[in-house]
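One structure is given below, encoded as structure tokens.
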């Protein structure tokens, strides 16, 4: 506990959170609207970082889990009118099941092979949504009868609170004894096994936790937008953004992913005058960060002496 | 009749898939790089060929497309891949994910630039030969035959290069054992340059042919990269014959599905096959472990 | 099994059953038999050395015991329970610990946290740190000598401390059986003493300890018994002295009795200026020192052998010469410094290395391998050189179209040498050409080297563990031990001055 | 750069009081996919209309300002843009998207934010049906384009005159449409109206919008031997047309093909468009109304290309929004919606009116002679030649390339 109070990261995060909480007092309604999805996005990126940075699994398909959560929740709400809480619970459960399904090949395959399976999982999910358009709304998207709230401030604090709680949970997990074991499993499975850790069990758990937060955030985001479409929740481009956010913020930091996600969304807004070229500029900045400061924002701040 | 039609159509599509994937697998075999800007470079070749064709004619356009892919291939290597490989602050076990992320971002930049300069609407390169040829009662665009022939000519040229020239042998040797090649006095750096040059030509030809055969848009970038990636993994990472075999498997599977089941389900069986093969035989058809 | 050869000073009472007992252990990789009917037993409180040269299968045995590999047959019983084929983590939970040679600690965690990791139960639900654990970790750190660096990150530690950390992790698990892979590799003499003391302390805790090493000498002072392996099978067992004296073991390491005199007189040319001059060269792998201020010369036309056991630093020395590893000190070739040249440039300049690992292009044919070797020669030279080499190694002519990887080990070695010779080297660097080869092949290889030496003006730098093979050809011999050159002289004086100390 | 900045700043300072003296401007938001040919026509045409109105003194002395956002054809981006237009830019009305998926995603938000929103190109009947079903909440959404059902009807009407009663005597047809929100009702409309004009429907192909290789589809259709392919494509266009021509599919293409409405289509397809017959809202050479050609010409003068179909409807929308604000005499969204519903405006595409709350196409553009009936053109030698309705087509006649069987 003492180390927590002495940690720069802890106080920095707290300060960031306080700033974010005070932001609606100064920020315009639009900037608030921009930040709301950014907060959910940050949870996606943090969940991805748990898998990549700690369990050592390169998941090219974060949107497989997110999409299951989002569509799971959206479909039961739109078709059976379950209401927000039950639908979110259902979507999250579906995502967790998807996480387990994804963990099975992960335990067998390595490197690019597992990466490809995750990519294919996304493509298959996208195809399923298109093929079963009667249920899913297909490419057209699914409109929901319910939304979380139409009030920006409510949505903002809900999203901020959700992100803070998820971040705290994921961060605490990563620093806990179980997180230490997970990191050992990700870095050197052979040595971790020789120390008596059941690598399969810990990796499976990491997939479940990552899927839980991805799915939950996906389900909540669906109820913020009030619609679900493959382009918003499943498309590979969305997954790419999440990976870039996590790498930009700093791998293996969990909290860095928040910085990366907020940076991507805010930079996209700031560069909007560039029109279509704003995506170009954001990608170029991200590429430059990867080339020049591969530890990412937070990684560079925290581990300046190259102890990556 | 239907059988022959499937045979012909599948052949051309598969040849195009194969050509696109061969360059991709060659780069991986020799330098261990999975280049995720692959699709973007292909579409650049097609778009440049289309844009130049008006002023420079069909051949001039095709050459221009080829040159643009060649150039971009080197830019990809010098500006993205090599700095990551040489970076001291990237731990060696993470080079792979950094190369993947870096080339992905680079691909997005190219894609956005194409959309900005030439819109997202697909463009078709003027075919070198128009008209149709009837093969056994099946009316086939002559351009389709030409596409298949050019693909195989390019693959044949590559085979000759690898099998018959010293530089080609060195390339092959580098994919088997780069250290051994260094010990024999070959500069690996030059071998890498050579392989990126070959890649540039292959991907350029594939892009221009794709533009003439099916048309290409900046929206296709992701699909093209994903399909090359899948074919290469299916065939066995780094194996050129494996990639060709896989390209034909996927090409025919898709064509069969499109003809016999439904065009809208075209991709699904191939995806399932891919998952099954990766699960049962992760090294792919002809891959080494 | 019988334990006749136990050192009576340290032997535990015979009534105590073995803590670790290995019987009939067999492991095949495809067609290759890596371990064949291996047997081994260690009682509580006993330290046993498992020795064998590179490729003898000793590391495979260790991995089979740990469960990292699954055996094809045989029994591994730990404390009376057969754990053969169990997954690694269950074997570990059952009481087996492994000290890895190359440490890979968690870099973002402190030394303390790394030790804490080893103390944790295999539980998903352990979310809050137990203060008890922290206290134990600190005690273990003190015991292995890491107390002062408890809160530092591994990246800032010297090499020896990283090894201590590995040991600390093994201690933390409190295993009944401890396996230690190359306990002293890369350590200084002082550090070796510390480590020996730490490992010896396991004896009082009644742990069964297995030290895996290249040679008996390194572990002789520490072990109660040694077991020698060769080509995947049991060779000898007994006290360290007995194993060292065992004729089979001596044959394995030295290639038979050390010949007291070289068959040939030193050439007149040995007096000329050095073709290759190595001065004060040191090499570090990370924090481990692999070569310590080595000075060595090779003159034009000379045949120089560097002998030393596996791990002494021969390969590192050759790689430094070939420009494959960064080093300090200076290396000049034909009077010109090699610093700054690429490895390929050095090879084209005339220093051609035929490495221990051979580095053949396995999927390509014999002929293609040879052609690549001659790629930098003018066409006519290439044809001539090829003809000459096919005469020197006739077997390669008949195998011309075969894939290099499909040939036997001896044939591959000949191909590797021929491929290096295709480059028309001024200096041929031959690293461990005899590794894992049958005696009949050694004879052929020896004849070929003899032909080479007598019919061409070639200069050779040979690295060998097999003294019998290395000496007859040599004009001069260096002995490399623990990263340092310890002896230099003509082969005739080797047996008397360095031979005894060698094994 | 810095040298330029100073005079600019001074200029702005001088201008400021002038602007401030004028009445509060009318702000109209525009959301579109800027990298698509059809998409970019929306902000461009809106700007043309706004400049025209401003040059003529504005609306009751108020200038019109266009605030444009690129949605990359993503529902999420569009929703975000709509929120920004409402909360930060405080626009009075929005013209948004030519994609039904996006328009449908915006619809509930238009209701929640009480922001009158007009789509100038999304055709799904679902848009207006939802307004009808939940009028109180969704009445802010307008469809400033023909609904799919009406598009289908106009295709049947034109087909009857041009290819059934005409010299071709078409008896059978197959539907070739993409799998998207707007083609559901379109296909249903085709299936309902084709038999009424004496054409038997042999097959319906709904292709994935991701399709790049159309060969199997054309071959499959050809095996069924229909006399005509009735199209319903928007996301695809260049690729099927080029492959149709390269493969020399002997069946004419007739129907809705949105990409083909742009004049750049000829170059994008390298002339493969020759002989394609398509529905268009208006075209630069045909005076559908007196306003059509002048608008098209000023657009071409400004942007170098002719406006794609949503360009015409967007231009009209800016005008009738301005008209509605003038009639409402207020920016209040309720009053503006009322005024918009009473629209009766002569635009570039015809006489524009909206169906009332009682009709199932509530707030949808009225289709039919005397209102908006669409226009049929055929690509001939690089030009769109009007062929239907007779009144505007003049002597335009169908000419098919040699490989099309129907030509003989």
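Our numbering is plain: 1 for the first residue shown, then up by one each step along the chain.
Heads up, the Cβ atoms here are built off N, Cα and C, so glycines get one too.
Of the given residue ranges B:145-162, B:163-180, TrEMBL assigns the label transmembrane segment to B:145-162.
Outside the transmembrane segment (B:265-282), and at least 6 residues removed from its termini, the chain residues within Cβ reach (under 8 Å) are 230, 233-234, 249-250, 253-254, 257-258, 289. Among the recorded stretches B:36-53, B:145-162, B:228-253, the one sharing the largest number of Cβ pairs closer than 8 Å with the transmembrane segment (B:97-118) is B:36-53. Most Cβ pairs under 8 A with the transmembrane segment (B:6-29) among the ranges B:36-53, B:59-81, B:145-162, B:228-253 are made by B:228-253. Most Cβ pairs under 8 Å with the transmembrane segment (B:36-53) belong to B:59-81, among the candidate stretches B:59-81, B:145-162, B:228-253.
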